[in-house]
There are 2 protein chains.
Amino acid sequence: MEQNKIPQATAKRLPLYYRFLNNLYQQGKKRVSSKELSEAVKVDSATIRRDFSYFGALGKKGYGYNVEYLLGFFRSTLDQHEITEVALIGVGNLGTAFLKYSFLKNNNIRITKAFDKDPNKVGTEVEGVPIYSIDEMDKHLGHIRVAILAIPASEADAVTDILVKHGIIGILNFTPARITVPKHVRVHHIDFAVELQALVYFLKHYPLEKDE
Amino acid sequence: MEQNKIPQATAKRLPLYYRFLNNLYQQGKKRVSSKELSEAVKVDSATIRRDFSYFGALGKKGYGYNVEYLLGFFRSTLDQHEITEVALIGVGNLGTAFLKYSFLKNNNIRITKAFDKDPNKVGTEVEGVPIYSIDEMDKHLGHIRVAILAIPASEADAVTDILVKHGIIGILNFTPARITVPKHVRVHHIDFAVELQALVYFLKHYPLEKDE
């Protein structure tokens, strides 16, 4: 199912809606109001209603949304029927946290291969995922198109070049380095220091109201 | 220095600009164009110019922006003169990655205390940060107002309640749980599964153009 282009901000919330609806469905719930959804996913209900209207999902007043219908819709939209394989680059503390992160097991994205330069790790498995040498990415990446970068910043550019050369088109970059890639490669960047600074900045400049 | 309210999207980019300008300054650079900035921080130059215009920083055509002036401006805006102490809750793989993340040392945010429930970790230090028992947060949080949550999702709500009771007003939540907090508490949520799903979704629905 291909839908019209929706705003990127809306698209970013889809996985969140999907996970919550899937939980409701597992619990046997048949319908959900935008208010309940709002409280669960912490997105205001006006935004939820607007988001849903982009996919033509219109809640009924006093009834809410049909969970199964919504879930079917999101599943096709998010291509949950199709497994996406991901390579993890770097099996240090952060990389290991990823491999152990059980919520990744609930969706159709799988880290199937990991790479590290530590010879003590190469050849072993973590959570069933084999660890290969980072010097042999050319041999082992295969058809994988998405990579998580969890290596030191100083190594980010050289490793990225190799990833791109071997067909990676999407990178979730956890290094503080702003990596340079060709135009066809999408990089999403999560920088811990920036996230923490942004939180502190918001706390100082946009203090929230106290409860009465 | 208190400036007018700026859009949240702009505010989120400030730490990024700050870090890059600080690097330039260390390298002795006197000025920077919005194009150079754009390439380094991966934000398009029209957005940079609009962002900067909110703080009254107007680049000169053919000259660009004065690095030292901008840096002074960002430093006061981001309160870089003032140290913010942060508590890390959970010293597993993710928490340890945080403690070892050297880029946090370049700004004025410090993780000064960590908490874990593992008796083998309590009483030790990682990267100079003491680890206390998670059952003694009441004794040790002191004046800290910001916490990083890196614990299993199942423990998130109970721990959050204790944090809020002891004065925490900002939480960087790395658990997949959508925690419930009073209105005055700001939560920024980073969910690995959602980030990865969003990247895969964008790759499928918004493919980027190939280089010619």
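Every residue, even glycine, has its Cβ placed from backbone N, Cα and C.
Within the model, the DNA-binding region (A:16-55) carries an average pLDDT of 81. Residues annotated as DNA-binding region in TrEMBL: A:16-55.
Annotation comment: TrEMBL describes A:G90, A:V91, A:G92, A:N93, A:L94, A:G95 as NAD(+) binding site. Secondary structure at A:N93 (NAD(+) binding site), as computed by DSSP, is helix. Within 10 Å of the C-beta of A:N93 (NAD(+) binding site) we count 18 further C-beta atoms, all protein chains included.
Summarising the annotation, TrEMBL assigns domain 'CoA-binding' to A:79-178.
Proximity to chain B (CB-CB distance below 8 Å) holds for A:G92, A:N93 among the binding-site residues A:V91, A:G92, A:N93. Neighbour density for A:G95 (NAD(+) binding site): within 10 A of its CB lie 27 other CB atoms from the protein chains shown. For the domain 'CoA-binding' (A:79-178), the DSSP counts in helix, strand and coil order read 33 helix, 29 strand, 38 coil.
Comparing the binding-site residues A:G90, A:G92 on other C-beta atoms within 10 angstroms of each C-beta gives the minimum for A:G92. Counting residue by residue with DSSP, the DNA-binding region (A:16-55) contains 29 helix, 2 strand, 9 coil.
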